[in-house]
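Worksheet: the structure to be examined is printed underneath.
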Amino acid sequence: PAVKQLWGDGDHKAEIDDMMAEQEAIRGEKTKSICDLFRDKDVRWQLITLFLVSSCMQLIGVNVVYFYAYNVFIKAGIPPAQIHYVSLGVGITEILTTVLCGFLIERAGRKTLLWKSYTVMALALGLLTVTLSLQDSFSWVPYCSVALIFIFIMSFGIGPAGVSCPLPTEIFIQSYRPAAYVLNGATNWIQLFILGLLFPFIVMLLGPFCFLIFIAVLVISAVLIYLFLPETKGKSTSEITEEFKTCQFKKKHHQTVEKNATEEKTFCT
């Protein structure tokens, strides 16, 4: 009854079976604390993934783009009295693309949406850096900057803004989820606070080239997500957990092989 009330009428047997299998797997295990989350090596890769994705929410430069938007709109010839309507359009674009992500997430997959969105955002920021540097050189350059801002915001809504919220639920089992959500929220707010303090000084030092920092974060994040994040589409939490354990096992196995090779070399010498 509770499932039908939440999701409506329909066949929810697969979801219920998934929840029962997960409940059986943890066998009544108590809810873990944040300290347990850091100490448990079995969820180390999930923790790294969560920290990476939650950090990207602030360190990929979305707030920086909003900061520059006013100047870009002025340079494009938009009357100051109309700029708040354009800014509202940017916000609505983010909301609509986040809603669109809800429809795409089951088809495209979380991993695909994340790394492809990061890639598009890095390209948009790179081109925006160029157009901001040349905006006084050609009359059409400011319009390119406006288009790049909208492309960046659309990519953010389709990718990180829509995928980051449900990710802790999918990569952590029930006993770790409360701690994962607390860590996710704390990471977001702490980094937003630090970025808010440092960003004015970064802008004073680098000007439009401040985007280079965020481009580096986007590129690194795209590569790491592509290489290490298992695709969660169509998989139960137990299956995803096993994939993370396999990744951790491969790393340990590789370290063991290297250690044995070093010992054999030393012995032969």
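Placement of Cβ uses the backbone N, Cα and C atoms for every residue, glycine included.
TrEMBL: automatically predicted annotations, no manual curation.
In TrEMBL this protein carries:
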- 1-233: domain 'Major facilitator superfamily (MFS) profile' (DOMAIN)
- 47-70: transmembrane segment (TRANSMEM)
- 82-105: transmembrane segment (TRANSMEM)
- 117-134: transmembrane segment (TRANSMEM)
- 140-167: transmembrane segment (TRANSMEM)
- 179-199: transmembrane segment (TRANSMEM)
- 205-229: transmembrane segment (TRANSMEM)
Distant-in-sequence neighbours of the transmembrane segment (179-199), which means Cβ under 8 A and at least six residues beyond its ends: 31-34, 36-37, 46-47, 50-51, 54-55, 57-59, 63-64, 67, 164, 168, 172, 210
Folded-back contacts onto the transmembrane segment (82-105), same chain, C-beta under 8 angstroms, at least six residues removed: 66, 69-70, 73-74, 113, 149-150, 153-159, 161-163, 166, 233
Outside the transmembrane segment (140-167), six or more residues from its ends: residues with CB under 8 Å to it: 49-50, 53-54, 56-57, 60, 62, 65, 68-69, 72-73, 75-77, 90, 93-98, 100-102, 104-105, 110, 113-114, 116-118, 120-121, 124-125, 127-128, 131-132, 134, 184, 232
